[in-house]
Structures are given as C-alpha cells and as structure tokens.
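Taken straight from TrEMBL:
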DOMAIN    14-401  domain 'tRNA-guanine(15) transglycosylase-like'
BINDING   339, 341, 344, 370  Zn(2+) binding site
C-alpha cells in the first residue's frame with residue numbers, strides 16, 4: 001500500500017491515489033475518497049448486479065464481521081469467497097459505523113462489539129483469530145474507542161490511549177507470526193477523546209509502529225462540534241507521516257466531510273447514504289461546480305442554516321428530502337434533476353412517495369441506488385474541485401443547498 005499525493009491544497013487538503021491495494025497490489029483508490037459500506041459484504045438493499053450498474057464505486061469494501069466468526073471458521077476459505085465478492089479489496093473494521101455502540105463494556109484485556117445478536121466480547125487472541133478467518137486485505141487494530149462522549153474524564157481518555165497502544169502491539173506481534181496474514185495490512189487506531197494532549201500522544205506513538213495507515217476514531221458526528229474536530233484532526237495529522245493514509249471513522253455528512261478534508265483526512269466510511277435511505281429520504285444537495293449560475297442555483301438568505309441541529313444521527317439532515325411527506329404525492333420530477341442514476345432516469349418523486357407509504361420493498365432499493373450514486377458523485381466532485389482549485393466553490397454549492405432545504409423546513413413549521 002502506497003499513497004502518492006499529486007497535490008496538497010492550502011497546506012492540508014490532499015489529492016492523490018492510494019496504490020498497491022489487495023494481495024496482488026493491482027487495485028487503487030483515489031483520495032480523498034470513501035470505502036463501500038456493506039452489511040456482511042452486501043450494500044444494504046442492493047444485489048451485486050444492481051450495485052455494479054453504478055459508476056464511481058470505490059475499490060475497497062468495508063465489512064464488520066465479529067458476529068459471523070463461527071460460520072467463517074467452519075467455511076475455512078475466507079470471507080471474499082464466502083460472500084461471492086469479486087475484484088474488490090476487503091477492509092475489516094471493528095464496529096459498524098452506522099450504529100453507535102453502548103459504552104461501559106471495555107476492560108484492560110477486552111473490547112465489546114455489537115451485532116444483531118447483542119454484545120460480543122473480543123480479546124486480542126479472538127480478534128486476531130477473526131482476521132485469520134476473514135482473510136481481509138487490510139484491517140484496523142483492536143482499540144478502546146469508548147471515549148467519544150464529551151463527558152469522559154481525562155483519566156479515562158488516558159487509559160483508552162494506553163489500552164489501544166497495548167492492543168496494537170499485541171495485534172502486530174500475532175500478525176507478524178501469522179502465515180495466514182502474510183501480505184495483509186494493519187491500520188493503527190488514534191484515540192484521545194476531545195483532549196488535545198492525548199490525541200497528539202496517541203498519534204505520535206501509533207506512528208512509531210509498523211502500520212500501513214491510521215484510523216482516526218472517536219470524532220464521529222454527535223460526539224463534538226466541527227470546530228473542535230478540525231482542531232484535533234489538524235494536530236493529529238502533524239504527528240503522522242505524509243505518505244500513509246488517514247481514515248476518519250464515523251463522519252459522513254457532506255459539510256463535515258469537506259471540513260475534515262481541509263484538515264487533512266484522506267478516507268471516509270460511506271454509511272451516510274444508508275442512514276438517509278433508512279429514513280425514507282433522498283440525498284438532494286448540490287455539488288455542481290459548473291460556472292453556469294443557472295445550474296448552480298441561487299443562494300439562500302443569510303443566517304437560515306443556523307436554525308438546524310445536526311447532532312442526532314437518526315434525524316433527517318438538510319442534505320436530503322423526506323419522500324414520505326404528502327407534498328411529494330403529486331410531484332412528478334426526478335429526485336434530482338440531471339442525476340443519471342437508474343432511479344432518477346426512470347421514476348418520479350411521487351412514485352417513491354407511493355412506495356414508501358405502502359411499505360413496498362422496492363422503495364429502499366431505488367433510494368439506495370440514488371443515494372449511493374449521489375454520495376459517490378459528491379466525492380468525485382470533491383477530487384475535481386481540489387484538482388481545479390475550486391474547493392471554495394464546491395463548499396459554497398454544498399452549504400448553499402443546505403440553506404435552501406433548511407428554509408423549506410422552517411416555512412413548513414412556521415408559515416409566514
């Protein structure tokens with residue numbers, strides 16, 4: 001795995017390609033970019049055939065598999081063959097980024113992950129046995145990530161950093177002795193809660209270990225405001241080598257992605273389209289950096305966006321429209337004008353509204369097609385904006401869209 005940077009914009013935003021991915025080294029991933037979010041190797045609601053009708057899909061598939069360890073051990077031939085995955089790089093993460101995990105279950109020797117059957121307690125030995133069974137192309141090290149809440153004490157945060165470094169050392173020791181993991185890459189995890197000194201210590205010590213890249217944990221949406229998140233990421237990245245990728249966990253909202261890219265983040269998890277789909281919503285924010293002002297749309301009134309609270313990940317954001325709303329029952333436009341996805345080319349908002357209110361399974365299939373396409377299109381536009389010195393224009397488009405939707409919601413609640 002090798003990160004080749006082609007540009008660094010304003011000293012932080014990084015544009016490049018992550019090369020040499022996979023056991024054969026034939027895959028690559030453009031940065032800034034995102035991983036392909038899946039449930040047990042499958043993008044929710046989509047078959048593999050349907051998924052691959054979409055463009056701009058990343059070459060790395062993210063899986064979270066602790067609850068399936070027993071069946072994979074019985075199968076013996078690795079997760080890629082078990083799930084029928086072809087021509088993709090498999091990254092195994094510790095937690096599902098779309099689900100917040102309960103806290104209070106971590107010990108000095110174990111961490112807990114949560115699946116459909118409840119809590120699963122992992123020791124380093126069990127965690128590494130899972131990696132040998134899954135046979136991924138890269139995985140994150142085991143970590144104590146229970147310090148994302150802003151009420152966490154300094155003592156608990158320090159303990160989290162110490163435990164995570166100890167887990168990493170144990171994982172690396174097992175990894176280096178394991179023939180099954182030959183050629184597999186390890187990402188070290190940077191913890192530290194909201195305490196700058198602990199973040200810096202975690203980054204500095206993790207960078208001393210032989211890891212291929214870094215996972216920045218505990219900075220997810222709802223854990224802290226963006227200003228503090230940017231400050232911590234900027235400080236952490238000063239301690240990390242320039243030639244290794246930085247994956248930010250738990251952040252997927254477009255405005256936060258833009259801010260974190262400006263702070264030097266390379267990779268993100270693409271769980272946000274799934275969350276939007278589960279709400280019965282469609283992504284509609286603009287990322288068009290065309291110079292044509294008619295295509296770009298008009299700017300919203302100043303100060304409208306500040307009325308919206310984005311802290312709860314389960315609530316609708318200003319980057320989407322709620323198709324269950326009655327106003328869409330006779331709206332015969334596509335979800336997004338000009339979108340080339342199957343849903344927008346063949347169906348109208350009114351049809352999606354009908355499918356949702358009648359609880360048809362097809363509703364979330366079509367929504368997931370659109371939301372996945374739209375989100376990955378946003379990352380393509382982000383890379384283009386960095387390449388063409390148009391990042392400020394892209395930010396204006398994305399945040400302008402935010403303001404328009406906020407105004408609509410406000411008018412519905414408080415009619416003039």
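Glycine is treated like the rest: Cβ placed from N, Cα and C.
Summarising the environment of residue 339 (Zn(2+) binding site), the number of other Cβ atoms within 10 Å of its Cβ, over all protein chains shown, is 18. Spatially close to residue 341 (Zn(2+) binding site) yet at least six residues away along the chain are 54, 369, 370, 373, 374, judged by Cβ distances under 8 angstroms.
Taking all protein chains in view, 26 other C-beta atoms sit within 10 angstroms of the C-beta of residue 370 (Zn(2+) binding site). Same-chain residues that are not part of 339, 341, 344, 370 yet have a Cβ within 8 Å of the Cβ center of the Zn(2+) site turn out to be 334, 335, 336, 340, 342, 343, 345, 369, 373, 374.
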